[in-house]
Amino acid sequence: PKAHQFSIKSFSSPTQCSHCTSLMVGLIRQGYACEVCSFACHVSCRESAPQVCPIPPEQSKRPLGVDVQRGIGTAYKGYVKVPKPTGVKKGWQRAYAVVCDCKLFLYDLPEGKSTQPGVVASQVLDLRDEEFSVSSVLASDVIHASRRDIPCIFRVTASLLGTPSKTSSLLILTENENEKRKWVGILEGLQSILHKNRLKNQVVHVPQEAYDSTLPLIKAVLSAAVIDGDRIVVGLEEGLYVIEVTRDVIVRVADYKKVYQIELAPKEKVAVLLCGRNHHVHLCPWSAFDGAESSADVKLPETKGCQLIAAATLRRSSSTCLFAAVKRLVLCYEVQRTRPFHRKVNEIVAPGTVQWMAALKDKLCVGYPSGFSLLSPQGDGQALTLVNPNDPSLTFLSQQSFDALCAVELKSEEYLLCFSHMGLYVDPQGRRSRMQELMWPAAPVACSCSPSHVTVYSEYGVDVFDVRTMEWVQTIGLRRIRPLSSDGALNLLSCEPPRLIYFKSKFAGTALNVPDTSDNSKKQMLRTRSKRRFVFKVPEEERLQQRREMLRDPELRSKMISNPTNFNHVAHMGPGDGMQ
C-alpha cells in the first residue's frame with residue numbers, strides 16, 4: 001500500500017479531520033490534506049492517522065462520535081437558523097452549527113443559494129461553562145417568533161460577566177420538532193458526560209464590571225490602566241482622569257487631547273502617555289493623580305507620529321525603560337523620578353513598521369508585518385530575527401503580509417509568535433520548533449498576552465489559549481469588546497450603555513477591588529471645592545426625592561421599618577378553637 005502524500009492546506013469552509021472527526025479550526029493552514037485521496041487531518045493527528053492511501057472504504061465512513069475521556073470529536077452538525085443581528089422580529093438567517101470538542105460552533109452562511117459557510121466562526125459557546133444550559137422555549141420566551149416555529153426553537157445559555165453576574169442566551173431554530181429534540185438531547189447528553197468526567201472549563205479571566213456604566217466618561221474612553229487596587233487611570237478624547245473606584249472620587253489629572261495609550265512606571269511614579277493630534281509621548285508625574293496642580297508635564301518632541309509605546313524593566317538596568325516606536329524607528333529612554341523624567345539612551349531601527357513590542361529579559365522584542373526580532377536597547381550586537389529565512393517551513397510568511405499581534409517567551413527556550421492568521425512556535429534561532437500551529441477560530445481584532453496565556457479578541461468575543469500546551473482553554477462571549485491596556489486587564493464593551501470591563505485574572509499582578517455596580521443608579525459627577533476633583537454620587541435633591549417616594553409606597557415603607565424583635569403572642573381574636 002502507498003502512503004499519503006500530505007501537504008499543508010488552507011480550507012475555505014469548516015472541515016472535519018478524517019481521523020478524530022473534530023473540526024479543523026482556523027483561518028488558514030488548518031491541516032494536512034492528501035494530494036491523492038480525500039484524506040485530511042489535523043497537524044497533531046498526522047502521526048496517529050492510518051497511513052494507507054487511498055483510505056479503505058470501511059474507514060472513510062467513520063460515524064460522528066466523541067472521545068468521552070477527552071471530549072474530542074464531532075457529536076452533531078447541521079444547518080439551522082439564528083435570529084438576525086437586530087432580533088427575531090426582523091426574521092432569521094441561516095447558519096451552520098457544529099457540536100465539537102465540548103463547544104458549539106456557529107458559522108454564518110452568505111445570503112443566496114450557496115451552502116458553504118466561511119471559516120470564520122460567528123459564535124462559539126463552551127459546554128464546559130459553569131452557566132451553560134440548553135432548553136426548549138415557550139411562546140412567552142419568543143414573542144416575535146411565528147406560531148409554527150416555536151416547537152422547533154431551542155435556547156442555549158452561557159455566562160457573560162462574573163460580577164454583576166450576567167448570562168447571554170442564543171435562540172436556534174431547527175428544520176422541525178424532531179431535529180430540535182435531537183439537538184437538545186445531544187447537547188444535554190454531552191454536558192452530563194463532561195460533568196461526569198470532570199472536564200471543567202479553565203477560568204483564566206473572570207470578566208467584571210469595573211465601574212458604574214452611568215459614569216458619562218466611560219463612553220469616551222480610549223485607553224486605561226490599573227494604578228493600584230483602588231484606582232484606575234483612563235484616557236479620553238478630552239482629558240486624563242483617575243477614578244477611585246472604591247471611594248467614588250474622580251480626578252481630572254490633565255487636559256490632554258486623545259489619549260491613545262497609557263503605560264505606568266511605578267518605580268519612578270511616572271505615567272507615560274501617547275496622545276494628541278500628532279501622537280506625541282508625554283510624561284506625567286503621579287503626584288498629579290491626586291489632583292495636585294502640576295505643570296510638570298513633559299513632552300518629547302522627537303516622538304511625533306509615534307504609533308506605540310512600551311515600558312518595562314530590563315534585566316540589566318534598575319530603572320524603567322521606555323520605548324517609543326515611530327514607524328520603523330524605536331527611541332529608547334530611561335525613565336527618571338525627577339524632571340525631565342527621561343534620559344535618551346539610544347535609537348534602533350526595526351526591520352519593518354513596528355506593530356507590537358515588549359521587553360523579553362534584556363532584549364526588546366518587536367513585531368512587524370510577517371516577522372518578529374529581538375533588538376538590543378543598548379545598541380550593541382546584531383538584531384536577531386525570530387523568523388529564520390533559511391527555514392523552508394516558514395517561507396509562507398514572506399509570500400503574504402501577516403500582521404504581528406504579540407510574542408511570548410516560553411520557559412522551554414521557545415518563542416510563540418502570534419500573527420493575524422495563526423501562531424507559530426520557534427526556537428531562539430528562529431527555526432520552527434513545533435509543527436502544530438495555534439489556530440484562531442475567528443479573525444483577531446486585538447490581542448494581549450501574559451507569560452502563560454494568549455488572549456485573542458474577535459467580533460464574537462474573547463478566546464484564551466494556554467501558550468505551553470496550545471490548548472484553547474476559555475471562551476467569553478462578550479461581543480464587540482476591545483482591550484484598553486496592553487496587558488488586557490481593562491476593556492471597553494461597546495453596548496448600550498458602553499461598559500468598562502475588568503478581567504480579573506488568576507495570574508495577573510495588582511488586583512482591582514471592583515465595586516458593586518448598578519445600571520440604573522442616579523449618580524452624577526458633582527463638582528467639589530477643588531476644580532479638579534469630582535464625586536460620583538446621587539445629588540442631594542435626588543436623594544430626598546427618592547426618600548419621599550419610598551415613604552409614599554407602603555411596600556417600601558414597611559421595609560424601612562424593622563419587624564418587632566421580641567414579639568410575644570398575647571391573645572387570639574376571631575374565629576378559632578371556640579371564641580375567646
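Cβ coordinates are placed from backbone N, Cα and C, and glycine is handled just like the others.
Residues or ranges marked as domain 'Phorbol-ester/DAG-type' by TrEMBL: 3-53.
Feature annotation from TrEMBL assigns domain 'PH' to 73-192. Mapped onto DSSP helix, strand and coil, the domain 'PH' (73-192) counts 22 helix, 57 strand, 41 coil.
Residues annotated as domain 'CNH' in TrEMBL: 218-491.
Annotated region 'Disordered' per TrEMBL: 561-580, in sequence order.
Summarising the annotation, TrEMBL assigns domain 'CRIB' to 561-574.
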Fill in: Composition by DSSP (helix, strand, coil) of residues within the domain 'Phorbol-ester/DAG-type' (3-53)
0 helix, 15 strand, 36 coil
Response to the item:
In this predicted model, the domain 'PH' (73-192) has a mean pLDDT of 93
